[in-house]
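Database features, via TrEMBL:
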- B:349, B:408, B:411: [4Fe-4S] cluster binding site (BINDING)
């Protein structure tokens, strides 16, 4: 997995609440058996018209946000389906960080498996960053995972919280399965004890 | 011993390792797998030269994108990309030696209907699947939740999941339900009250007289939509109804093992003095037959209400409601009962079980549909066979419904069953998101009885007027 340490980039504003994973990547793109190549279909139904032409008003179609690496969005981002195709599409587009007042549980976890940093901040702080993002490509935000801060283009610094284990894995690009395999002895002994206690399982 | 919730008890029985910071390896008893979220996980195993750690606890079934029309055993009758995913699941099931129900097997169906039906899902278990509606299995007092594909790979390889414990939330539905009110109305009403993020960070336990009174099918409907309320999982404590449902299922324990299991299962309830981080109480008698009007499952109103205006809301919801109303083509102030519909979809892991088909058929008996298209997609081949045996299939067909084979179908419209732009659907499924049932399609969620009523009149209808 790609490491995440710091990121300085353009932030795209998406002031919508309840952005669901069907919006992020509609189901017709779930028929792939690969993880890559989904960026072109990120937000497909909001981004393209029925003929497949770009809708100019959509934020990621605007010249100043085409290279966005950060997305600032409304409450409950990533709700709905568990499809990991959502973070795959976000990452493939080039976005490495999403900032919102809250995230849906499964999406939040899926981000960390793919080198994406989801940052939850209070609504009033997201409001400040949303306004900052609306300034366009000249306004670059800075994210520092080690320090757990987001800095607006005006230099205003916001501290965010996240789980220490998730932070450690993201900063070092660690493979979860490899880490768990190191604890195989614990799993073996649990399994043996459980087979005694609940043999019907 | 300190008092525990049901969630605490199941959690404690499954922690295989706990780190100093509270990060746990939770042991997984059942891993359900389908064709859409698993190919990349199996590919990951192959690349790393890893095996499935517990193939005997891993069950696969294709459901999401399989056609629900005749002849689907032949891949030539599937779209090419669907056929590739189904073929990949066939191969992965064979290569890794896991249990498998192909489309040609009568036991095939929606993964969350097949699991309980075959006795794979039992009280006190941990159950995961690469699908958010895994919450369904919580109806058995099993800790069940959806996971992403990376986590699917992690469970395949290690039979564990890296987890931190969620908080405990109690949702109590007191008293009795009124006539015409069903499990679907309960679960939608809870989401309407708490919002789609109201359960974020929690595991919900549903309790109270109205929940106890529900059948296992109804309880599955309630837990199924815990995810729509943002919760990691939904739970209902097992009782005699649960044990009765599980007994003699193909993979349920038998004989002495059954007795031993029962002994433990009977301890699976929340202690009276357990601590709850959040409590929501709703009176059963206050719940009406409801429908959704917008594009979020929290956009719930009684069928007797009118379409709301954006100004009825606050904060980010004002803009969201404006966008929803525009997408749904609705004008504030319109009585919901005047909203005309084109299509009716009865099915899905929320409402594709035998009791759901019975409820819809009871309304439809001797009637004809007044909509362009109506379809019933049973949740499994066995549900379908039972409905045929009970004469329900004939009622649906005589009313003008299409009688389909089992699968997820128009709930997420990955297969050819889709809405056209602007088409309006009364659906028994779980999500009314923009484009969910087809680009530009408009979805109103409701119970099977309400969907049947809408099929007859051609508009959103109060089922109580047809009872």
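Even glycines carry a Cβ here, placed using N, Cα and C.
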Query: Once B:349, B:408, B:411 are set aside, which residues in the chain still have Cβ within 8 Å of the Cβ centroid of the [4Fe-4S] cluster site?
result: B:63, B:64, B:110, B:133, B:347, B:348, B:350, B:352, B:407, B:409, B:412, B:429, B:430
Field: Set of same-chain residues at least 6 away whose C-beta sits under 8 angstroms from residue B:411 ([4Fe-4S] cluster binding site)
entry: B:345, B:347, B:348, B:349, B:350, B:427, B:429, B:430, B:431, B:437
- prompt: When a 10 Å sphere is centred on the Cβ of residue B:408 ([4Fe-4S] cluster binding site), how many other Cβ atoms does it contain?
  reply: 32
Number of other Cβ atoms within 10 Å of the Cβ of residue B:349 ([4Fe-4S] cluster binding site) across all protein chains: 28
